[in-house]
Structures are given as structure tokens and as C-alpha cells.
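Would you mind keeping the following structure in view while I ask a few things?
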Amino acid sequence: MATAAAGALGLLWGWLWSERFWLPQNVSWADLEGPADGYGYPRARHMLSVFPLAAGVFSVRLLFERFIAKPCALHVGIEDSVLYRVESNDTLEKVFISITKYPDEKRLEGLSKQLDWDVRKIQCWFRHRRNQDKPPTLTKFSESMWRLTFYLCVFCYGIRFLWLTPWFWDTRQCWQNYPYQPLSRELYYYYIMELAFYWSLMFSQFIDVKRKDFLIMFVHHLATIGLITFSYINNMVRVGTLVMCLHDSSDFLLEAAKLANYAKYQRLCDTLFVIFSAVFMVTRLGIYPLWILNTTLFESWEMIGPYPSWWLFNGLLLVLQVLHVIWSYLIARIAFKALIRGKVSKDDRSDVESSSEEEDETTHTNNLSGRSSSNGANCVNGHMTGSHWAEEHGTCKAVGNPLFGASPHLQSCD
């Protein structure tokens with residue numbers, strides 16, 4: 001029995017690491033075990049070093065958020081306040097959990113008669129109950145500041161490293177003598193740090209305040225980890241560094257815009273978001289297809305020819321390009337609407353229920369007794385509403401990048 005199980009396990013292992021799938025013709029794993037300059041050739045066992053490093057990254061994040069990000073948030077006026085809890089009501093809680101978080105007018109009238117509550121009071125209860133599930137602004141600010149710091153640092157490191165590499169200037173060098181391309185110390189650190197960061201995000205999702213896009217981001221991180229690992233194992237690390245650096249170029253701009261949004265520096269937020277939109281579209285619709293796809297599809301075909309993992313790798317990159325087009329459209333629509341809203345009168349904007357919800361969740365007002373909120377106009381600050389991205393009802397949440405170091409881009413801005 002044990003022999004049969006061992007035999008089946010051996011067959012499965014051989015299938016998973018089939019040289020016919022992973023490597024070009026006439027190349028074996030044994031060929032990549034030999035000595036080479038630098039850190040040798042990429043091997044699957046190198047991935048084991050990622051896990052303790054990811055734990056270290058997560059520890060650094062906790063210290064950063066507590067001793068750097070939190071003081072910065074307090075300095076810009078974000079309050080460290082206790083979340084306001086709604087009045088307990090079993091009937092409304094059952095509707096909220098089981099039926100809808102956004103009751104229509106007919107349901108509101110029915111609940112009003114059932115509970116003998118004013119309709120406005122019930123509306124306020126649902127609004128506050130929704131806000132109760134949202135992470136505090138201080139927490140969101142700290143998370144975004146950590147991501148901004150990492151993305152900016154890793155992008156600067158990537159540019160500094162790639163600037164001195166031959167394949168940054170001539171993409172044909174990505175395939176010269178492939179797969180016999182030994183790792184350099186800088187390349188190894190770049191890949192391992194990116195992968196460790198995404199593993200740390202995978203860990204932290206289960207202990208952080210859960211957001212509406214939890215499942216989306218879980219799949220996003222899982223796909224990112226899988227594809228970075230995939231490109232490392234079959235030694236497509238040179239083109240992988242180009243893809244990672246390209247995507248990192250817009251990550252920190254979005255996080256900076258979100259920080260400005262949380263701090264209610266709305267003009268700065270709008271400016272950074274427009275810059276982010278421009279960089280995103282130039283890199284994803286221009287440089288990516290003309291630079292990355294050109295080398296992975298045509299130059300690699302000419303120099304090494306196709307093989308099974310080559311087809312899978314390029315298929316995923318083509319899917320990514322389709323997603324780039326979709327995301328660019330969504331971002332352009334958000335940016336356009338944001339610019340249009342900047343010209344709307346203040347009185348019209350004050351009617352939009354925007355960042356006043358975040359104000360309400362930490363202030364002890366009497367809205368639940370039927371009095372309407374007066375925070376709407378005050379939170380606008382004479383400019384665009386503080387959560388004009390979030391008003392797109394989900395558009396902001398999905399603009400992520402499931403390949404190669406893509407951040408949770410335009411994930412829930414709220």
C-alpha cells in the first residue's frame with residue numbers, strides 16, 4: 001500500500017515538474033543545477049526563503065503603521081476615535097444581514113409601520129450600520145501609507161537596478177542564451193522582495209479589518225504570487241523584472257492620491273489621481289504592448305521558439321492586456337466624472353452623501369432620532385466630494401492588477 005502511494009506521488013511529482021512543459025526542447029532540470037555566476041540559476045526551492053521574509057515584512061509593517069503612519073495621520077487631522085455603534089434592533093439587523101443593506105422606499109415604509117419609527121430614522125440606522133462595517137479612516141490611511149512607502153521604494157530600486165542591465169535597453173537580451181541566464185544578487189533580491197510583499201498581504205488579509213472586496217483581493221494576491229513564482233521557476237526573470245517595474249510605476253501614485261483623499265486635501269487628491277490615470281494608460285496601453293508583449297511574443301519566438309509554458313506565459317500576458325484596456329476605460333470614466341464634478345456648484349455637491357458618512361460614524365449625533373445630517377456641505381470643502389471615486393458603486397474596487405506586482409489598484413477607495 002505504501003509502495004503504491006509512493007509510486008502515485010512520484011508520478012504526480014513528475015507530472016508537475018515535467019521538463020517538457022517547463023523548459024525548452026533539449027533542456028533538463030539537471031542542466032540548470034550546474035554552477036553559474038551570481039546566485040546560480042532560479043530554482044523552485046529558492047521560494048522557501050520567501051516565507052520567513054514575508055513574516056519579517058509584515059512585522060515591519062506593524063511597526064511602521066504604529067510609529068510612523070499613525071502619527072502622520074494624527075498630524076494631518078485624522079482622528080483616532082472610537083467607532084460609533086448603532087442602536088441594537090433585531091428586526092433591522094435581520095433585514096440588513098439577510099435581505100438588503102440598501103432598502104428601497106417601499107421596504108422603508110413597511111419597516112416604519114412595523115417599528116413605529118420615522119422613515120428618516122430608519123434610513124439613518126442603515127447608513128450608520130453600513131459605516132459600522134467600514135474600517136476607520138485612520139486604519140485606511142496607515143495601510144495606504146505603508147503601501148505607498150513600499151511601492152515607491154521597490155519602484156526606485158527596480159529602476160536603479162534595471163537601468164544598468166542590458167535587457168532594459170535591448171529586450172532581445174531577455175532571451176539571449178535562455179534559459180542559461182544566471183541570477184545576479186540584485187535580480188534575486190528584487191524578485192524575492194516583491195514576492196515576500198505579496199505573501200505578507202496574503203497573510204494580513206485575514207487579520208486586517210475586512211473590506212467589501214476581500215474575496216477579489218484574495219484572488220488578486222493569489223494570482224500575483226502564482227505568476228511571479230511561475231516566471232521565476234522557468235527563469236523568465238528578465239522579462240519578469242520589466243513587467244514588475246512597469247506596473248509598479250503607477251502603484252505609488254494611487255496610494256498617494258488615497259492618502260490625500262483621507263486627509264481631505266482634495267485638490268491634491270484630484271491632481272494625483274489625474275497623474276495616476278495618465279501614467280497608468282501610458283504604461284498599460286502604450287509601453288506594455290509595444291515593449292513587453294513585443295518581446296515575449298515575437299522576439300522570444302524568433303530566438304528560442306515556443307514550448308508549453310511559453311504558450312501559457314504569453315496567454316496570461318495577453319489576458320492582462322485585455323484587462324488593461326478595461327481598467328483604463330474605467331479609470332478614464334472616473335477621472336472624467338471627477339473633473340466634471342469640479343465645476344458643479346457647491347450647493348449641488350452638498351446634496352451628495354459622500355465623505356460625511358465617514359464623519360458620521362465617529363461623531364455622536366442625534367441622526368437616529370430623525371434629524372438629518374448637516375455634514376454634507378462641510379465635508380466637500382468647496383471642491384469635489386471626498387469620495388467621488390467610491391460613488392462609482394464598485395468601479396473603483398476592481399481596477400486591480402493580478403499579474404506581476406500589481407497593487408490592489410483602485411480597490412475600495414472607501
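Every residue gets a Cβ built from N, Cα and C, even glycine.
Below are the features listed in TrEMBL for this protein:
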- 92-136: domain 'Homeobox' (DOMAIN)
- 94-137: DNA-binding region (DNA_BIND)
- 139-340: domain 'TLC' (DOMAIN)
- 148-168: transmembrane segment (TRANSMEM)
- 188-207: transmembrane segment (TRANSMEM)
- 214-233: transmembrane segment (TRANSMEM)
- 272-291: transmembrane segment (TRANSMEM)
- 311-336: transmembrane segment (TRANSMEM)
- 350-377: region 'Disordered' (REGION)
- 364-377: compositional bias 'Polar residues' (COMPBIAS)
May I ask which of the stretches 148-168, 188-207, 272-291, 311-336 has the most CB pairs under 8 A with the transmembrane segment (214-233)?
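Highest pair count goes to 188-207.
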Quickly jot the same-chain residues contacting the transmembrane segment (148-168) by Cβ under 8 Å, restricted to those at least six beyond its ends, or write none.
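Counting only partners 6 or more residues beyond its ends, the transmembrane segment (148-168) has Cβ contacts under 8 Å with 64, 174, 186-187, 190, 193-194, 197, 238-239, 241-242, 244-245, 248-249, 251-252, 255-256, 259, 405, 407.
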Summarise the model confidence on the DNA-binding region (94-137) as a single mean pLDDT, whole number.
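In the predicted model, the DNA-binding region (94-137) has a mean pLDDT of 84.
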What residues in the same chain, six or more past the boundaries of the transmembrane segment (272-291), come closer than 8 Å to it by Cβ-Cβ distance?
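The answer is 171, 242, 246-247, 249-250, 253-254, 256-257, 260, 321, 324-325, 327-328, 331-332, 334-335, 338-339, 389, 409.
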